[in-house]
Each structure stands twice: as C-alpha cells, then as structure tokens.
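Have a look at the structure below, then the notes.
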Amino acid sequence: MATKTMQYTNYEFTMDEPIQDTLIRDAKSIYKNILQSCFHQYDNDNIVKKWDLWGSFIVYVTLSIIIFLDKEILDKKNTFAYFFVIFMVGHILVSLNLSLLHIKIHFFQSLCIISYSLFPIVFSSFINMFIPCKMLQLLFSIISTVWSSYNCILILGKFTKNNRLMISFFPICLFQFFIATLLLIK
C-alpha cells in the first residue's frame, strides 16, 4: 500500500508556518473584519462564522493606550490597567447578556462582533487626542458612538428575535456610550 504524503503550501492548519506569515495573515483578517463590521463591504455573515478574539484584544489595548497617553493623568500604569479591566468586564457582561437572551450566535461570536463594531470609537478617540476644542471632541464622540451602535445592531439584529430586540441592544448601546464618555472625560 502506497501512502501519499500531502505537501502543504497553505499553512492554515499547521504549526510550521513562519511567524511573519502568521502576523501578516492575522493583520489582514483583522483589517477585513473591521471593514466588514464598520463599512459592510463584505459579507457580514463571514465575521460571525470566522470569529476571533484578536479584535477584542487590539481594540481594548488601543483604547487603554489612548487613555494612557493623556497628559493630565498622573498614575498612568494603574489607569491603563483599570480602564482595560473595565472595558473587558463590560464587554463580557454585554456578551453574556446576549447569550442569556438566547440569540442565535455563540458567546465568543458576540464578543468578536461587539469589539469590531467599536472601531469608530477607537478612531474618534485617536482623532480627539489632537483636537483641542472640546465641542469638536464631543461631536466626534457622538458620531462614533452612533456609528458603532448602528454597526452592532445591523450585524446582530439578524440573530435576535423581534420581541427581544430592545432588551438585547440597549445594553450594547449603553456600554458603547459609557466607553465613549470615559474616553471623552478621561
């Protein structure tokens, strides 16, 4: 009996892939998921099927770094840690709420979708670092919060029953408003 050995040219299922290829592939995947969740350029079902937790990690580390870079904060290390924990615990609670409401996706899929939909808030908080006018910062924060909530509702709305729509999305919108407010007042 002759056995065929299969040569892998695509390293998707092996541990032999070079680190550089892994990082490039993951960066492209994160970029594509951001485009899917924020701009709806691709199939939104793909972000649900191919979920990852890199988006959550990168979004919350970026938000915490933006707060860390604020010149007015004295205890930067503790502030970074507090905000990172607040963001992650709030995110987990909102996703747990969705799971308890029996929406048609898994817990980690909702974590992925909610975190990728927060990208407009990340972008506006980065822009707000360079804008001295508080009114413009407020305007960017409001626009980004509405955009983030809309993105999340648009993607997760397909998986939620109509009679549970408000109770599912109110905590998400409240959480995103809370994050935008924390980033605005730092």
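Glycine residues also receive a Cβ, built from the backbone N, Cα and C atoms like all the rest.
Record features (TrEMBL):
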type     : residues : note
DOMAIN   : 46-179   : domain 'Yip1'
TRANSMEM : 51-69    : transmembrane segment
TRANSMEM : 81-101   : transmembrane segment
TRANSMEM : 107-131  : transmembrane segment
TRANSMEM : 138-159  : transmembrane segment
TRANSMEM : 165-185  : transmembrane segment
Looking at the stretches 51-69, 81-101, 107-131, which one shares the most CB pairs under 8 Å with the transmembrane segment (138-159)?
107-131
DSSP-assigned states of the domain 'Yip1' (46-179) in counts, ordered helix, strand, coil:
109 helix, 0 strand, 25 coil
With the transmembrane segment (51-69) as the reference, find which of 81-101, 107-131, 165-185 contributes the most Cβ pairs under 8 Å.
107-131
